[in-house]
Structures are given as structure tokens and as C-alpha cells.
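Novice: If you scroll down you'll find the structure; I have some questions about it.
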Amino acid sequence: MSRCCVKTGVVGWGAYIPLYRLRSKEIASLWGFDPNVADSIWIEEKSVASVDEDAITMGWYAAKYALVRGGVNPEDVGAVFVGTESKPYAVKPSSTVIADALGISRKKLATDLEFACRAAAEGIRLAVALVSSGSIKYGLSIGSDTAQASPGDVLELTASSGAVAFLIGPAEESVAVFEGLTTYVTDTPDFWRREGSKYPSHGEGFTGEPAYFHHIISSVTMLLEELGLKPSDFDYAIFHQPNGKFPLQVGRALGFPKEKITPGLVTPWIGNTYNASALLGLAKVLEIAKPGQRILVAPFGSGAGSDAMSLVVTDKVLDRVHKAPTVEELINRKKYVSYAEYAKSRNLILRNVG
Amino acid sequence: MKHSISIFWRDRENHYKLLITKCRNCGKSSYPKLKRCPYCGSTNVEVVESKGRGTLVNYTITYFRVDGSEAMLPKVIGLVKLDEGVKVPAEIVDVPDLSSLKPGLEVEAVLRKYSSDDPHGLIYYGLKFIPSIIKKQ
Ligand SMILES: [Zn+2]
């Protein structure tokens, strides 16, 4: 075990996917995209947050059920981190609203983190460090996004809404124990959103190889070297999922077969939930994993960086799965909406009557 | 009509939580948080937080426009009987179709936006109900 994460693990997890779905073929046909574009990146439909939902409300739901699964009193939580790139307020923390609404102790650390899609993964690393140093007993990291995309941008096929929360605490109470954590970050111009811009921009040539692939391959290779493990030592591998194809491709490059990656895939059916993307995959895998199995999870955030984490599942996982809605149940709960309804609920069109 | 920031903030505990008043004198429960039991008048009461689950008693639909929540119309306003026994009036959202709204439908409380003073003002959050995602065994 590496020194980064002594005797810490995941005590509880919670997920949230909004009810509504928009079919990617409808977006493609509206904007006149090549009809094969959705299949070529493997995206069938995406989740759409309702008009009264945002990163705070979705994060609240996921965090509530992380506490329920962990059986932890909110008063005992010493840190709340919210990783998001769609904060409802540019200035005014989301973490304090969620914490107060859940009855989490006022004596705590609370902050919103931004690093594109990997801020919540960094929140997990911070919570692990605080728990393993004895500074706090439990820490919550929440990833929640209502991802924005310019109408007509190819990004609109995938940018979706969802949340996930991980309650980090002592190994002896955990459903999965951390073995190692590595992070690899560089300055890369693959994707950004300027202050005051409603929609993000992307640096076309940078999104694939120099950003997603280089950073995930680097963080995972560092982790494998540090722990002396190889891909065959893992039962599941979960990578950030900007679409359905990239995680399979990066897995192939690293030597992980498709069968170890597909159990943690969520994006083909709900889209890219940004900070919740890979971590919803981890939640989905925890809901089927058996004690003793080893999981690799590697989120990625533009800008750019990737975290690689190795976890070993304990026997405590089994009776916690059905204490809260599972990712599978949330994926299957759905109602289709039209592009017009999506445009209204995601503020692409605004009511303009006095 | 806009929300008053100070009134909403002072009352935030009642927007974020379902607080039930339990009377130690007559044993009855009531909603919301009260200093005096509405049944027997006793001040010997305790306040407990509901787990946020219950069943729909009945509902109505409103088209009434409230500043900051115009895009949320129409609204389903329901009466929910919490598992703890008391009845609570609340908005019901994420209803796939109105025919699914039947008395006895299992519902759970969720945090949602009530309204927002767009584009520069405060966002007001509070509890609404959705059809329960996990069903009772
Ligand atoms: Zn009484």
C-alpha cells in the first residue's frame, strides 16, 4: 500500500441521474450532423436535468444517500467538497447549501473545487488525506454537473446532467479500501470556459491524444509502477467517459480487456455527466463487485489532469448496495423529452415576458 | 411577488428539512415545527426530522404564476402523508404522466429550486417530492 492513503476507504456512495432523457439521434438530426456520428462515439441518449434542478440539488441527493449507505450521522462529517464546472453561483459555495440542507456539522471544511471533470476526484484525494492524517473522521466528495454545450456543437450530443458522492472514512468501516492514488497534471489547452461565457470551447486538435489519452495513460502507468501491479491484477477498470468509445480505447492502450471496462460504463445511456462521469462508473461497479475484487478508476479533467486510484472491495459492500437507489435503477428510470423541452429546462431558451 | 432574502434565510431549516412536532403530553404528531401542540395546547413537545418518505393523499394542478418560477408551470401541488403520520402540503415534480398520480403513490422528498431572482439574484432552494425511486419492500 502506498503512503498516500493509509487505512482509508469508501464508507458510502450515492448517485443521482435526472429522470429526463434526450435521444442523441434527435440532436444529430436537428443540427444536420452525419447520421452516424452518435454511433461512431457510442452515445444513445443523455440525461437532462429538470428546470428546477442544478448541481446543488443533484449533489444533495447523491450526498444524502452516501450518508444513508454509510450509516453515518451527518454531524460526524468533517469536510464537504463539491467538484463541479456548473456551479449555480460564480461566487457563493454550493458545498454550504448541501451541507446545511443535510444537517452536516458546522465545524467542518467546505469548498467547491474546479478542475473541469476531475475536481471531484481531487476532492476524494483531499478527503483521503484528511482522514488518513486523523484530521477528520469522515469526508464527503461530491461530483455534480449540469454540463453546458453550445446549441449545435458536437459536444451537445453528450453534455448531460448527474451527480455522485463518496463518503470517505476509516478502512474498517469501508466497502472498498484505497491501495494507491496517483495524479498527473499538465497545462493543456483542450477545453475551457471563460468567466462570463455561457458555453465552453474546445481546442479541436487537443481533445483526444494530448489530453484524454496522454493524461490517463500517465496516471495509470504511474499507479501500476508504484503498486507493482499489472492490468491482469484488476477485476474492473473505469475511465473518464466523455463518450462510449474513449474508455474502451484507452483501456486497450493500457492492456485492459473490454470485459473489465463495460461493467463501469454509463455514458452511452446517460451522456457525459462531467464530474460524475467516471465516478458514477465506480458507483455502478461497487453495486456488482464481490469482496476481494480490485478496481481501477481513472477520472480525467480537461486543462488537464488524471487521477488513478486502486481500491480493494470488502465484504461490507454487500448489504449496503440496496440501502439507496442503484446506478442501474437510476439509468432505467427515464422519461424522454423533446429538444424543445430540453432547451427550456437547460436555459437554452428563456421566457421573455414581463 | 419575490421572496424576502431575510425571511427565507431565517426559515431555511423549514425549507431544507421536514420537521415534525411530537407532543409528549397527548402523544400526537403535527407539522411543521411548533412550540405548542395544536391538539392539546401543551408546550411539552419535541421536534424530530422526518425521513422524507410518504404516500400521496391527493393533488391539484396550479397555473398560478410566481416570480422566479414561471418556467416551472404548471405545478402539481399534493398532500403527502409522511411515514411518521403527519400530512404535508408540497409540490410534486418529476411526474412521468398525470395518470400515475394516484392516492397511495410512494413519494420521497428532494431538494429542488423553488425560484430564482434571475439573472443576478439569489436562488431559493427547498424540499419538493418525487415518486419514490426505490420502492418499499
Ligand atoms: Zn398534545
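Placed from the backbone N, Cα and C atoms, the Cβ positions cover glycine too.
A quick note: this is a predicted structure, and the numbers were derived from the prediction, not measured.
Below are the features listed in TrEMBL for this protein:
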| type | residues | note |
| --- | --- | --- |
| ACT_SITE | A:E85 | active site, proton donor/acceptor |
| ACT_SITE | A:C117 | active site, acyl-thioester intermediate |
| ACT_SITE | A:H240 | active site, proton donor/acceptor |
| BINDING | A:D34, A:C117, A:T158, A:T207, A:H240, A:N272, A:S302 | (3S)-3-hydroxy-3-methylglutaryl-CoA binding site |
| BINDING | A:K245 | CoA binding site |
| DOMAIN | A:224-309 | domain 'Beta-ketoacyl-[acyl-carrier-protein] synthase III C-terminal' |
Novice: Mind checking how the domain 'Beta-ketoacyl-[acyl-carrier-protein] synthase III C-terminal' (A:224-309) divides into helix, strand and coil residues in DSSP?
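Specialist: Final tally across the stretch: 41 helix, 17 strand, 28 coil.
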Novice: Please average pLDDT over the domain 'Beta-ketoacyl-[acyl-carrier-protein] synthase III C-terminal' (A:224-309) for the predicted structure.
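Specialist: Mean model confidence (pLDDT) across the domain 'Beta-ketoacyl-[acyl-carrier-protein] synthase III C-terminal' (A:224-309) is 98.
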Novice: Nearest by CA distance to A:S302 ((3S)-3-hydroxy-3-methylglutaryl-CoA binding site): which of the recorded positions is it, out of A:C117, A:H240, A:K245?
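Specialist: Its closest listed neighbour, by Cα, is A:C117.
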Novice: From the Cα of A:E85 (active site, proton donor/acceptor) across to the Cα of A:D34 ((3S)-3-hydroxy-3-methylglutaryl-CoA binding site), what is the distance in angstrom?
Specialist: 29
Novice: Determine the C-alpha span of the (3S)-3-hydroxy-3-methylglutaryl-CoA site listed in the record, that is the greatest distance between any two of A:D34, A:C117, A:T158, A:T207, A:H240, A:N272, A:S302, in Å to the nearest whole number.
Specialist: 27
Novice: Roughly how many angstrom lie between the C-alpha atoms of A:E85 (active site, proton donor/acceptor) and A:H240 (active site, proton donor/acceptor)?
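Specialist: Given the Cα positions, A:E85 (active site, proton donor/acceptor) is 15 Å from A:H240 (active site, proton donor/acceptor).
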Novice: If you run the three-state DSSP split on A:T158 ((3S)-3-hydroxy-3-methylglutaryl-CoA binding site), which class comes out?
Specialist: coil
Novice: Sorry to bug you, but what's the C-alpha spacing from A:N272 ((3S)-3-hydroxy-3-methylglutaryl-CoA binding site) to A:H240 (active site, proton donor/acceptor), rounded to the closest Å?
Specialist: 9
Novice: Counting across all protein chains present, how many other Cβ atoms fall within 10 Å of the Cβ of A:H240 (active site, proton donor/acceptor)?
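Specialist: So the Cβ neighbour count for A:H240 (active site, proton donor/acceptor) comes to 29.
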Novice: Sorted by position, what residues of the same chain at least six away from A:N272 ((3S)-3-hydroxy-3-methylglutaryl-CoA binding site) have a C-beta under 8 A from it?
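Specialist: Set apart from A:N272 ((3S)-3-hydroxy-3-methylglutaryl-CoA binding site) by at least 6 residues yet with Cβ under 8 Å, we have A:K46, A:C117, A:A147, A:T158, A:A159, A:S160, A:Q241, A:P242, A:N243.
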Novice: Sorry to bug you, but what's the C-alpha spacing from A:K245 (CoA binding site) to A:T207 ((3S)-3-hydroxy-3-methylglutaryl-CoA binding site), rounded to the closest Å?
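Specialist: Here the two Cα atoms lie 14 Å apart.
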Novice: Translate the DSSP assignment of A:C117 (active site, acyl-thioester intermediate) into the three-state scheme.
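Specialist: Strand, per DSSP.
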